[in-house]
Amino acid sequence: MVLLTKLFRLWWWLIISVVCVIESATDETLSFQHYFPLVTEDQFLSNDKRFQQIMQGATSADINWPDKIRSEKIDVKEEIYKLASTYVYQSSWPDLTRKLGSVTAVDFDKDGHVVLFHRADHVWTQATFDHSNVYRDREKGPICNSTVLALDCQTGKLVYEWGKNLFYMPHGLSIDQEDNVWVTDVALHQVFKFGPRGFQKEPLMTLGKAFSPGATDTKFCKPTAVAVLESGDFFVADGYCNARIVKFSKKGEKILSWGQNSFAGSSYDVAPPNYFAIPHALALVPDRELICTADRENGRIQCFFWSNGTFHSQYHSLLMGDRLFSLAYTPIQGGQLLVVNGPSAELGTHPEHYNEVRGYVLDFKSKKILSKFGPNDLQFSNPHDLAVTNNGLEVYVAELNPMRLHKFLHKSVVKTTSLSAAKPAVTTVGGDFKYGISKEPLLITTADNNSKSLTIDTASSFESPTAVSYHRPGGTAILVASLMLSFAFLTFAMALLLARRRKRGCMPFGVKRLRHAWDFPSKTDAFKLRGLLLDHSKRNGFEKLDQNASDEENELTNSGSILPNVQFAY
């Protein structure tokens, strides 16, 4: 027994060591990217100087910071765990064989198709822009592949595509009420308006000067997003350098602008209204006539009246963390904001603060987080944008890496015609229970009372108490399981060896022993009912079974002398 105890301890420490090595090897270090303010049209602060200012807490103006939100004493991990998962991941969507680059934006066209914007083989690295925010890879030319893809919202199949040889570094995409497509290119520092489905290769409107960053009425510096009103007036988030929101008329004439840079290095310090640290995405709130932006490095949402840019409200939570990449609005249940956050801050990071990269649903009135969502109810890696249908039933999330588009369905649209369609079917065969998965389709009833049939592959992704979920174990789980199985095998082999040696009388603690259930009797007992029966030569029929083994097993069980039962978690 001492030998078994030492062997168990050895294997336990081996498992712990291997897991720790694997986790440390897979930790990703965040790179420092350059998101620095524009001082004048042609003169910029150097990255090195600005980085030193940020680390010293310097700001672009004398700002009186309010109390720090991070002073709230809450268990972030526990609070995130308590949140329900409102949206359910659709792992089999899209049905697309096309290889995507970093997916930067997503929206819906007039026909309800899901339209994405991606970078194909172009990648934004630290060397992509110089210290003056000028694009360095111009000689590579524009992206030769289609950068705008439209997918069927049900099947995920490609419907149409366009955008070849037009863009260098795609970023934002939005589609207005007339089906015009608005995009931003951070390499070109420009905003484009294209006709429906991009049938006309030439843009209907172009704002900004190609490859020329600036801060004037006619120049942008890495613009991030566009939002268009029904009147045709539109807003541009001039995000990475200028930290401002600009409102234009339908004809492209500047109406007003607001915003100042609040890069202070402490991500959880909430800047005063109208200060931004990269306004990264825009969303309209039509029922309140508001324009809201994801103030990315300040980790908050800011909303303004779209008529004059006056500040209305802001939304922030420790659960969302210090970086907020995108947002979308749906009017359901009095108004909800859906957001996706990101990994821990690259500048002014607070590693002691717990962070999960997820989608969150906020109530617009109370500002409280209602629920969370993520792929298979897990975390995202690098989400960049999201879009939600007006009825709030479908959500799509664009992710930079892995390079893909995710689809989620609201739980409320899931109704089954039979419980057997969503849980293991139980049948009896000769009194024995057998389990199997029913092949009956699920009946999905949407808000417009249209019924759709889903296969068992789609049905299995719905998260409910009766749903059957399938999970692919990761490399760490497989390795740990293998080590535990090896330990179980060696333990069993050692126990078997000890039993045999005890049987042969080779053990140092004596030769007297109890007989085990797996030992066959070497001698016949003095009295056997079977022998009495065989003496009667005239009796025919079945012989009685020998009950010695099972009786001895029960005896050992009652005396507590059986070997311990080892359990494993898979």
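Every residue, even glycine, has its Cβ placed from backbone N, Cα and C.
All TrEMBL annotations are machine predictions without curation.
Feature annotations, courtesy of TrEMBL:
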- Val106, Leu173, Asp385: Ca(2+) binding site (BINDING)
- Cys221-Cys241: disulfide bond (DISULFID)
- Cys292-Cys303: disulfide bond (DISULFID)
- 156-197: repeat 'NHL' (REPEAT)
- 207-251: repeat 'NHL' (REPEAT)
- 477-499: transmembrane segment (TRANSMEM)
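Secondary structure of the repeat 'NHL' (207-251), assigned with DSSP and counted as helix (H, G, I), strand (E, B) and coil, comes to 0 helix, 15 strand, 30 coil. The CA atom of Leu173 (Ca(2+) binding site) is located 19 Å away from the CA atom of Cys241 (disulfide bond). Candidate disulfide-bonded residues: Cys221, Cys241, Cys292, Cys303. Nearest to Val106 (Ca(2+) binding site) by Cα distance: Cys292. Checking each of the disulfide-bonded residues Cys221, Cys241, Cys292, Cys303 against Asp385 (Ca(2+) binding site) by C-alpha distance, the shortest gap belongs to Cys292. Within the set of disulfide-bonded residues (Cys292, Cys303), the lowest number of other Cβ atoms found within 10 Å of a Cβ is recorded at Cys303.
Just so you know, the Cβ of Val106 (Ca(2+) binding site) picks up 26 other Cβ atoms within 10 Å once every protein chain is counted.
The average per-residue pLDDT of the prediction over the repeat 'NHL' (207-251) is 97, rounded to a whole number. The two recorded residues, Cys292 (disulfide bond) and Cys241 (disulfide bond), have Cα atoms 19 Å apart. The 10 Å shell around the Cβ of Cys221 (disulfide bond) contains 26 further Cβ atoms across the protein chains shown. Cβ atoms within 8 Å of the centroid of the Cβ atoms of Val106, Leu173, Asp385 (the Ca(2+) site) belong to the same-chain residues Val103, Thr104, Ala105, Asp107, Val115, Leu116, Phe117, Gly172, Ser174, Ser326, His384, Leu386, Ala387, Ala398, site residues excluded. Every protein chain shown contributes to the tally, and the Cβ of Asp385 (Ca(2+) binding site) ends up with 31 other Cβ atoms within 10 Å.
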